[in-house]
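Engineer: Take a look at the following structure, please.
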Amino acid sequence: MDQSKRYADLSLQEAALIAGGQHILCAYKMAPKDGLNYLEAAAHFAAESSTGTNVEVCTTDDFTRDVDALVYYVNEATEDMRIAYPLALFDRNITDGRFMLVSFLTLAVGNNQGMGDIKHAKMIDFYVPERVIQMFDGPAKDISDLWRILGRPVKDGGFIVGTIIKPKLGLRPEPFAQAAYQFWLGGDFIKNDEPQGNQVFSPIKKTLPLVYDALKRAQDETGQAKLFSMNITADDHFEMCARADFALETFGADADKLAFLVDGFVGGPGMVTTARRQYPNQYLHYHRGGHGMVTSPSSKRGYTALVLAKMSRLQGASGIHVGTMGHGKMEGAGDDRVMAYMIERDECQGPVYFQKWYGIKPTTPIVSGGMNALRLPGFFDNLGHGNIINTAGGGSYGHLDSPAAGAVSLRQAYECWKAGADPIEWAKEHREFARAFESFPQDADRLFAGWRDKLGVGA
């Protein structure tokens, strides 16, 4: 059935829709099944995403038609389709009237992902007006709160040197805490790897007190504050809160040094929002494990990593992983930096839409996945600043001298970039950074030809 007369209006102007502030706009790459009309398929997509179905129904009235989602732009050659969703379509909380991300996902990337006449459809960007931003929580804490704890300026406080306890599984409580202590002697921030939780060989109630003791000992030895991001992800929100409450009790007066990690893609929006609302005094660390099944460039359905990052800021993530922009082991490219810019700035041009955030707090780009000191200068060149958290597991625990030396090498890499120095020359005056060349020789060979001769290192 051709629904284009109802669910498409190509006379609508995007600028006018944005100025009106009464729609969420979504941009997709969409292709219909072979032989089908593009606009008809797009209109069916909009119908399925709002008030319609595959037939006319007798219960439709004039009010219903007023909240139809409308296709307002198509370009079949480039597979571009844009839809305007009236705000009235979206579900609101009965407790406080706020928007729910699950409603946005249900409509904008819900049933439409399995439609029989659609070959593929992937959301590449969306625009939310000021009213919608006001009706989401947004972050309660941001990187400035961590800089303050670390004794740094709260503006442009710089690189936070972090790690992930490795190996990701298999460490019992005492070795786990010792691994944390060894890194904290040189670094700032440790996160649980996302599978780490309450395994039978390392129960939280035994492990976490030992981790807190390691944090205090490292602080005493270095005279510097340390931070820990604890994984509270669980199927049951009561279990998640039980883990968080135990952690707060354990850390006591040092609770401000405790972040809560939620594996937000697998855990879902409800888990992220629960953590944000129940624990507004904690830095909310959004890990996105599993996202690649829909965000990967090889996937033509779902949504992009930039869309996920924008959603995380609306929900209130203090920080979210953004990959390594082609400099680590994970899939990505240099132009992924727009993802970082989108969540850290008050306004930013996305792939399609210019988004203003109207003063809500920023979300920190967290960089992780195969990074080490040798890869960081190039990463910073691409990003253009160092106001991030980097969690380098192998880059710390794979350093030949110690995890602490690995942490120091990461910091020295940032200082090298900030000084505009040549990494080889910098290494001659900074031992931990120099030893990173020997620790990661394959990266050294690829990035710094002739480094062995220049640093006097034998083959």
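Placement of Cβ uses the backbone N, Cα and C atoms for every residue, glycine included.
The structure displayed is predicted, hence computed values, not measured ones.
Pulled the feature table from Swiss-Prot, pasting it below:
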BINDING   Asn111, Lys168, Arg288, His321, Ser368  substrate binding site
ACT_SITE  Lys166  active site, proton acceptor
BINDING   Lys191, Asp193, Glu194  Mg(2+) binding site
MOD_RES   Lys191  N6-carboxylysine
ACT_SITE  His287  active site, proton acceptor
SITE      Lys329  site 'Transition state stabilizer'
Engineer: Among the recorded positions Lys166, Lys191, Glu194, Arg288, Ser368, report those whose Cα falls within 10 Å of that of Lys329 (site 'Transition state stabilizer'); none is a fine answer.
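Structural biologist: Near Lys329 (site 'Transition state stabilizer'), where near means Cα within 10 Å, the recorded positions are Ser368.
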Engineer: For the recorded positions listed here (Lys166, Arg288), which one has the lowest count of neighbouring CB atoms within 10 Å of its own CB?
Structural biologist: Lys166
Engineer: Between Lys168 (substrate binding site) and Asp193 (Mg(2+) binding site), what C-alpha distance do you get in Å?
Structural biologist: 6
Engineer: I'd like to know which of the binding-site residues Asp193, His321, Ser368 sit within 10 A of Lys166 (active site, proton acceptor) at the Cα level.
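Structural biologist: Hits: Asp193.
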Engineer: Pull out the recorded positions from the set Asn111, His287, Arg288, His321, Ser368 whose C-alpha sits within 10 Å of the C-alpha of Asp193 (Mg(2+) binding site).
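Structural biologist: Final answer, ordered: His287.
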Engineer: Could you check what DSSP calls Lys191 (Mg(2+) binding site) once collapsed to helix, strand or coil?
Structural biologist: strand
Engineer: Relative to the Cα of His287 (active site, proton acceptor), which of the binding-site residues Lys191, Glu194, Ser368 has the closest Cα?
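Structural biologist: Result for His287 (active site, proton acceptor): the nearest of the binding-site residues is Glu194.
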Engineer: Express the distance between the Cα positions of His321 (substrate binding site) and Glu194 (Mg(2+) binding site) as a whole number of Å.
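Structural biologist: It is 12 Å, counting Cα to Cα.
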Engineer: Looking only at Asn111, Ser368, the binding-site residues on record, which one has the least crowded Cβ, with the fewest other Cβ atoms within 10 Å?
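Structural biologist: Minimum Cβ neighbour count within 10 Å, taken over the binding-site residues Asn111, Ser368, occurs at Asn111.
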Engineer: Does Glu194 (Mg(2+) binding site) have same-chain partners at least 6 apart in sequence with Cβ under 8 Å from its own Cβ, and which are they?
Structural biologist: Asn231, Thr233, Leu261, Asp263, His287, Gly289
Engineer: Between Ser368 (substrate binding site) and Lys191 (Mg(2+) binding site), how many Å separate their Cα atoms?
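Structural biologist: Lys191 (Mg(2+) binding site) has its Cα 11 Å from the Cα of Ser368 (substrate binding site).
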Engineer: Specify all same-chain residues, apart from the site residues Lys191, Asp193, Glu194, whose Cβ lies within 8 angstroms of the center of the Cβ atoms of the Mg(2+) site, ordered by sequence.
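Structural biologist: Near the Mg(2+) site, the remaining chain residues are Ile164, Ile165, Lys168, Asn192, Pro195, Gln196, Ser229, Asn231, Leu261, His287, Thr391.
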